[in-house]
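Presented below is the structure to which this report refers.
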Amino acid sequence: MSSKSASKLKREAKKAERLAAKGESVKPSKKNGTKNGKDKEVDGVTKDLSELSTSDPIFERSASGVLTSQPMSRDIKIDSYTLSFHGRLLIENATIELNHGQRYGLLGDNGSGKSTFLESVAARDVEYPEHIDSYLLNAEAEPSDVNAVDYIIQSAKDKVQKLEAEIEELSTADDVDDVLLESKYEELDDMDPSTFEAKAAMILHGLGFTQEMMAKPTKDMSGGWRMRVALSRALFIKPSLLLLDEPTNHLDLEAVVWLENYLAKYDKILVVTSHSQDFLNNVCTNIIDLTSKKQLVYYGGNFDIYMRTKEENETNQMKAYLKQQEEIAHIKKFIASAGTYANLVRQAKSKQKIIDKMEAAGLVEKPEPPRQFSFEFDEVRKLPPPIIAFNDVAFSYDGNLDHALYRDLSFGIDMDSRVAIVGKNGTGKSTLLNLITGLLIPIEGNVSRYSGLKMAKYSQHSADQLPYDKSPLEYIMDTYKPKFPERELQQWRSVLGKFGLSGLHQTSEIRTLSDGLKSRVVFAALALEQPHILLLDEPTNHLDITSIDALAKAINVWTGGVVLVSHDFRLIGQVSKELWEVKDKKVVKLDCSIEEYKKSMAKEVQSRDTTAKVKHLI
């Protein structure tokens, strides 16, 4: 008999004893959806879950609003919500409406306040019922001696102990609250501690962990793998409100496919930011658009449906706007021509009242045109191919050929190359980029590079190396003015403007910019390097969708070569002409599209999970 059925029988037996003592009969118990929506008291453990994932804000953030959802509802509705950060207004008089069972994709430009909004909701800046426990994923697991599985399940073990203590206390009380006791039993049943380790292993396995990696202390893991541990805990806890800020960052393509499939079944409230249209299409049931007017606008459906609906709405709004403006112009023309004739003056006053009523009711606003900006890399002089050639290259970090990460690599790269490198995490994609740049040296074979070749590399950690106490304008002028001494201030501003940085974003300290805006500063600096080859290691991690499209267009018209490592299927499809897979110490050129590659990967993920079940991993 399972622990779940045993606890239920125990619950029913105790309930029967109490009711029999009162001379009453036992009524069939009913289970109505998620238990959290029925709690009558503040659940201290669910509060603890929020505290696991949030901390006091480092920077100044203020928010206000009015909770209007019902106290015991599993939904959240907050009216008149306003959010500021560093004194800058991000959201004004908007409505937060998050319904149980829905999965929301949160969209907005870089710097619009998406991450700050998630932090505000997780921190309960505007209070909502404590029975709705929340978890915000925005940081990696801390380094410690605890292994991945124990790190994940410890908080759940603590919650079970507290629930058992509460049940014991409620069961022995003089005046037993049967409804509350029932909800506590149901909550304990749903957790089922006997499955904790298996469930944790299943999630870790899905995100690419082997059995050996699961047993490693988190202090022995890289930041990327610790981020996966943190993501695994968020999925394991399964809070009533799960807030994920760019969860696909640090994942390889295979893990992204697994996460898409997992989150598509999430049956509580999910709010996720993502730069991947594929991900938003496969996961989300709704879209929230944080607009330039500082409003939260809600759309039903996934990203593609959102785009179609938004375009239709804007088309209809433009028609209504033009029609109304034409009507107003016609009325004003009549009023202007009325002169002093008494009967015409009366008509003119009547017509003016029509305009006054329109204005009082609110005129149709002209739709804002889509924000347009483009990344731009300067043209460079063509070099004869191959400008980079690998000849029988082998590489090992310890110099031992028996431990080689690569063997027998032979290929060429030229200025027409548009290569996307794919493969699992840990197979050496970033290492390959470092071999191309010369940062790493082969232990066998050689890499030849054309004399005068200039390369520029973007890595997912490039933004962390920016001088945070300087503004973007100060940074690029201090760094590149010796290279371009003739440039005036406006020309430097223009460089930043080419990458969507304008106004205060150019002159504010870099530390105050969003991660996406910091990434744009890095791209502006890369453009000033005027390279022949761009090496891009996860360039989309902090860019919004508009920025990614701008990057893709810039790459496609640029005259230099590009080698790309990315987990963004759409960007790969937009820019790559070749797919190279890193596998079994080799680099293999694939004869398929990225869409076909994703389909084959999805089949592999499904097969792998089936195998894991057979091996009792789950």
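FYI, residue positions are counted from 1 along the chain as it appears here.
Glycine is treated like the rest: Cβ placed from N, Cα and C.
Noted from Swiss-Prot: of THR54, THR82, THR479, THR540, the annotation phosphothreonine belongs to THR54. Of the candidates SER64, SER84, SER607, Swiss-Prot records phosphoserine for SER64; the remaining residues carry no such annotation there, which does not rule it out for them. Record note: of SER25, SER53, SER222, SER502, Swiss-Prot gives the feature phosphoserine to SER53, with no matching annotation on the rest. The secondary structure of THR427 (ATP binding site), as reduced to three states from DSSP, is coil rather than helix or strand. Per Cα geometry, SER112 is the residue among the binding-site residues GLY108, SER112, GLY423, LYS429 nearest to SER64 (phosphoserine). DSSP gives LYS114 (ATP binding site) a helix state. For the recorded site, GLY108 (ATP binding site), the DSSP three-state label reads coil.
LYS114 (ATP binding site) has a Cβ environment of 23 other Cβ atoms inside 10 Å. Taking a C-beta cut-off of under 8 Å and a sequence gap of six or more, GLY108 (ATP binding site) has these contacts in its own chain: LYS114, ASP289, LEU290, THR291, ASP544. Of all the Cβ atoms in the protein chains shown, 20 others lie within 10 Å of the Cβ of ASN425 (ATP binding site).
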